[in-house]
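For reference, TrEMBL has these:
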BINDING   9, 10, 17, 96, 97, 98, 106, 131, 132, 133, 134, 135, 136, 137  ATP binding site
BINDING   9, 41, 81, 95  substrate binding site
DOMAIN    5-141  domain 'Cytidyltransferase-like'
SITE      17  site 'Transition state stabilizer'
Ligand code: ADP
């Protein structure tokens, strides 16, 4: 059984992430969204919120595109990714590549993961053209300024972002 481990911080999950995960799900027996607990990134959403949004996002994407999501799991991990993946049968790390700007960082990470554990390979899927301009950071930026991003994230994620920024502005006395 082959397993694709899809690591990230998913703060929050977007259609770009989901597109990669479902494409991997048709190539591997199992896909595991692996949310990094110890990411150095400062996140807007808590771990629980991010896990919840990934789960809801998967269900929505599957329903909307009439795809099977029974081989996609969601989990969290702490510590080295190169160690964590060994919990699974025939694991490979998968990552999405948007543009050359992603390449340098991904190249370094893939080599470092193999340096940590020579059994671990990283496979890259090229981002769908529809979503290649998307990142969690840009979505948060647009949401913060009340821009249009409704079609770029699942409805549940849209709701959570709206809530987050609306409540924040209310607390800051801006609403
Ligand atoms: P990290 O915190 O490790 O950078 P992210 O949560 O931002 O991870 O993203 C996880 C993975 O999803 C990365 O491989 C990233 O390149 C990929 N990804 C992010 N946005 C998109 C997108 N719009 N299309 C395809 N892949 C994407």
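Cβ coordinates are placed from backbone N, Cα and C, and glycine is handled just like the others.
Given the structure is predicted, the values throughout are model-derived calculations rather than measurements.
Distribution of TrEMBL features across the structure.
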residue : record                 : Cβ contacts under 8 Å, 6 or more apart
17      : ATP binding site       : 6, 8, 10, 54, 57, 96
41      : substrate binding site : 9, 11
81      : substrate binding site : 5, 7, 34, 36, 93, 113
95      : substrate binding site : 6, 7, 106, 109, 110, 122, 123, 124, 125
97      : ATP binding site       : 103, 106, 124, 125, 126, 127
132     : ATP binding site       : 16, 98, 99
134     : ATP binding site       : 14, 15, 16, 98, 152
136     : ATP binding site       : 9, 10, 11, 12, 13, 14
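Annotation note: residue 134 (ATP binding site) sits in a coil segment as assigned by DSSP. For the ATP site, whose annotated binding residues are 9, 10, 17, 96, 97, 98, 106, 131, 132, 133, 134, 135, 136, 137, the maximal Cα to Cα separation is 18 Å. Around the Cβ of residue 9 (ATP binding site), 18 further Cβ atoms fall within 10 Å across all displayed protein chains. Residue 106 (ATP binding site) has a Cβ environment of 16 other Cβ atoms inside 10 Å. In the predicted model, the domain 'Cytidyltransferase-like' (5-141) has a mean pLDDT of 96.
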